Amino acid sequence: MHTILQDLRFTLRQLRSAPSFAITTILTLALGIGCATAVFSVIDATLLRPLPFAHQGEIVVPETLAIAGFHQPWSLPSYLDARQQLDTFSALAGYSTFARVNLEGPSGPVSLPAVKSTDNFFTVFGVKPLLGRTYLPGEDQPGRDDVAVLSYEVWQREFSSQTDVVGKVVRLDGKPFTILGVMPAGFRFPLQTIHAIYIPLHADPFYISCRACHWMETVGLLKPGVTLERSQANFNETFTNLARSYPASDTGRTVHVLPLQVSINKQAGAPLKTLGFAALALLSIACVNVAGLLLARGVKREREMALRAAVGAGRARIIRQMITESLALSAAGLGLGMAIAWLLLAAMRTFLISALARGIDVHLNLPALGVALLLSGLTSLAASMAPALRLSGTDPVLALRSGVSTGPSRSQHRLRSSFIVMQVALSMVLLSVAGLLLRNLASMLTTELGYPAEKILTTQVTLSPASYAGKDPIATLYQPLLDRVSHMPGVQAAGFINVLPIQNFGSNRDTHITGQPPYPPRLDVTAETRYVTPGYFDAMGIHLVRGRMLTEGLDPWQNPAGTVVVNEAFQRKFFSSGGDPVGAHIDDNDKAELKTTIVGKVTDIRQDFRQPPMAEMDYLATEFPPKDRIQMLPSMTLVVRSSGDPGQLIAPIRDALHQIDPTIPFQTPETMAQVVRDSLVFDRMENWLFGIFAGFALLLSLVGLYGLIQHEVTLRRRDIGLRIALGSTRLRVVVEVIQRVTLLMAGGIAMGWGLTLALQRILGSVVEMHAAHDAALLSGLTLALALAGIAASLLPATQAATIDPMHALRSE
Amino acid sequence: MAITESESLIHIEELTKVFYTDEIETHALSGIHLDIARGEYVAMSGPSGCGKSTLLSILGLLDTPTGGRYTLNGKEVANLDFAARSRIRNQEIGFIFQSFNLIGDLTVFENVELPLTYRSGMSTAERKERVMNSLERVHMAHRTRHYPAQLSGGQQQRVAVARALSGSPSILLADEPTGNLDSKNGEAVMKLLQELHAEGSTICMVTHDPRFAAHAQRQIHLFDGKVVAEGELLQLLADPAHNPSTTATL
């Protein structure tokens, strides 16, 4: 113990006497450990940590697919039939997260995400409430369903953690609801839904019987001992029965039963794993960099080690001392690395919460500390092993020689050079991925949207249906608000839409054009359906191509047949073999005179950022009779086109809304550009992280390269001095140094390319690579890396060229 | 007076050392016979390249001979492995180097303590006592907390001697101990070695300076890897055909 403490004391003293070595090594380790720990924390919280539910292994998500193969949620009648027929589930719950509710709290109205579900929802998760109870069987039925369960966050934030909250009556959407209970901290479902309130389904009567309306998701708890395969077979049989009973709506629908954990990580799992590899690559770079630094330092310490050997230190004892020194360095690196990890996670917090289902659970915790400890221990062992083995074998005879170091051996030169090649190779891989991601993101952000995204301000207006019972929300709220907003200075146009482009899509229905032959069964024949006010088209910059726009004058709700405008994508999808959509009818009623007429065709805009424009039919919001509007349009998004800074309009819009109805919560408006950025949050997070890792990797490689060349120049001072004395020009000295660097860089880059190609499948989960398409970008990155390497060696090369030959020869 | 093998602390017979570099064989030592008795003070001298340092390296178990026998304190040590040699070096041999070889980041106390830290089973108190005794013997006990850079060359060498003494070795091997010192400090170190010898230490010193060699009880002369008599050495050195450069130096 005493000798270990002595080694430690000696190490600290040595580090104090070589501060630049100590700082470089500790920073290098800290960067590697910090980044790896931060990424582990993300992977732990999202992929490894058990879900906060009892029997999580038995919870499954039945994903339903339409006949054309795309994801299509459940209809309520299909769900109820399946729930009755399936015998492999202890509970199969239906839920929807589409709506928000307005809670009239003590500090004013607040809009909360609502999880509307069937009565057996909480049975699936088996989590006991913190206070009160959850739903009893039948509490999703009309008359018994005005009850609510609070999430822990809502209980804390909106009810100040009052323990007597159970049994209290609160107003949700203007209607009284009794609070049944409070869920414990950490419970939430769906996992990405935070600050939620849980209420029973409250399905609209229309949806109760509509088999073609697919809007409900399900989650189920398997009976004990039931396998996934058995449950899948049970589902297949049930879906076959449903298709037989309801061929029009259920034919061809299939289900894919997934374990909950798999379903949650379906999209983020592979990219996160790749991110884990990137973090390990960075840690490897840090590790070989430190090994290189220790090797270089070892050359300076040969005499010390020779002396230690001469006075009786065995190899094991010297190795132990070297490892103690390395562990001391890594302990400092660990401390700083944890700080870096904390900073990284703090900086990524907004991204994590928005991009990952369990992003809010990402914290630096004990497992992360454990992994950081393990990583730092392994890194220090790996980094110190080569130098320790080498130094422990120092010939003790060296102690007898006066003032002479053997200098690095050829094998050591080769080892350090191979370290540099390895670092450059890994940097090349990370740079390639980061470069491609950045290019993809940049190209997505500059995608032609069809409107000036920075100038369009949007805010969702969600009214409380109970407060509008018997009222027409268009006449009493939406239109008066539009009138006020339209007259504000700087407003060019304003309108409402029920589903804002980019933010959401998938509100669609199967469509058939009257007169066309029946479509093949596996063809996707859906068209997005939107309800708008006339000003919406101007606000978004959507132009009329043919026919006419919708107007309340020409298209009153009293007309027995509806009217729509369609977009160009609609024409491409439903009139691919020719014909004019304007004047055509949608086959949505048995009676010819009641079929909806297409009156105009407008330009496309993207509904989903990652897909080309989809076929869309736009109805006037006033299409619904006034008595139905509160059910059909409880929430609309206001779209305002501004001629100046849209931010200037936020306060006037809020005032206008609250002048009309002060009970409606005002949701902070976002420009369409912000909506686009929000929709790319996962891409941005990936980009940000890979960019940081690539930057650090490049920095560490260049530090390593600089260190190697600097070290070589120092050791070869005499040689270089002699060469200059014998007639070599200074330029030639510089050229020789750069030639060596070029060789190392070329080796590293070639190896990096090899690695990139070999890892293409893994990297493909993050970014697709196409040699021909990406050649210019990748060549540019390669050139940039090579030039950066040469630039890093210029200083030592210049120092080599300015060596005074007389001084160098004398000093030996 | 001849020393028998049983009386010898060091006994070597037919010792050879050959260095192989590429295709060249260099015979550094050729059939050396040498005995050093306990308590003896021996000086080894000879021209550059005669094999003094090679012989000292082998005597100090820093190197192994190519052939021959080497017995230290009655034990055959010529062909031990690295670990065994380390152990014997630590317990039986004290080194004094020309360039002192103190570790700059260790204090005087820690430098002297260094060989003892490589011994297992020695208590801290015993280690401290030994270090202080050694430092007192070389009159450096008042500088325990100093670092080598804060000492003069002569003081550094005295600390190096204390380090050699701290392990109570059977023999002190000194390689040109005055080589890096001015004459005044050189004399002081030689006086110190004489004092240690007078107290019973066995010393083997390599030096090329006849003044310092004269301090020893016995002088051994090496030439071309062989032990030669003093008269023979002078004859060889005087022969310009044999060694012109050395002759010129002399």
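The backbone N, Cα and C atoms fix where each Cβ goes, glycine too.
Per TrEMBL, the features are as follows:
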TRANSMEM  A:21-43  transmembrane segment
DOMAIN    A:23-234  domain 'MacB-like periplasmic core'
TRANSMEM  A:275-296  transmembrane segment
DOMAIN    A:277-396  domain 'ABC3 transporter permease C-terminal'
TRANSMEM  A:327-348  transmembrane segment
TRANSMEM  A:368-389  transmembrane segment
TRANSMEM  A:419-438  transmembrane segment
DOMAIN    A:461-606  domain 'MacB-like periplasmic core'
TRANSMEM  A:688-709  transmembrane segment
DOMAIN    A:692-805  domain 'ABC3 transporter permease C-terminal'
TRANSMEM  A:741-763  transmembrane segment
TRANSMEM  A:775-797  transmembrane segment
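Between the transmembrane segment (A:368-389) and the transmembrane segment (A:327-348), three or more CB pairs separated by 6 or more residues in sequence fall under 8 Å, so the two stretches touch. Under 8 Å from some Cβ of the transmembrane segment (A:419-438) lie the Cβ atoms of residues 278, 281-282, 284-285, 288-289, 291-292, 683, 686-687, 690-691, 693-695, 697-698, 700-701, 704-705, 708, 744-745, 747-749, 751-756, 759, 763, 766-769, 774, 777-778, 780-782, 784-785, 789, all in the same chain and six or more residues away from its ends. Listed by sequence, the residues of this chain that lie at least six past the ends of the transmembrane segment (A:688-709) yet keep a Cβ under 8 A from its Cβ atoms are 24, 28, 31-32, 35, 39, 275, 278-279, 281-282, 285-286, 288-289, 292-293, 296, 344, 348, 351, 416-417, 419-420, 423-424, 426-427, 430-431, 433-435, 437-438, 737, 740-741, 744-745, 748, 766, 785, 788-789, 792-793, 795-797. If one looks beyond the transmembrane segment (A:327-348) by at least 6 residues along the same chain, the residues whose Cβ comes under 8 Å of a Cβ in the stretch are 8, 11-12, 15, 22, 25-35, 37-38, 41-42, 290, 362-364, 368-369, 372-373, 376-377, 379-380, 685, 688-689, 692. Through the fold, the transmembrane segment (A:775-797) approaches residues 424, 427-428, 431-432, 435-436, 439, 698, 701-703, 705-706, 709-710, 712-713, 733-734, 737-738, 741-742, 744-746, 748-749, 753 of its own chain, all at least 6 residues removed from its boundaries and within a Cβ separation under 8 Å. Regional average pLDDT for the domain 'ABC3 transporter permease C-terminal' (A:692-805) in the model is 83. Remark: secondary structure over the domain 'ABC3 transporter permease C-terminal' (A:277-396) totals 105 helix, 0 strand, 15 coil, with classes taken from DSSP.
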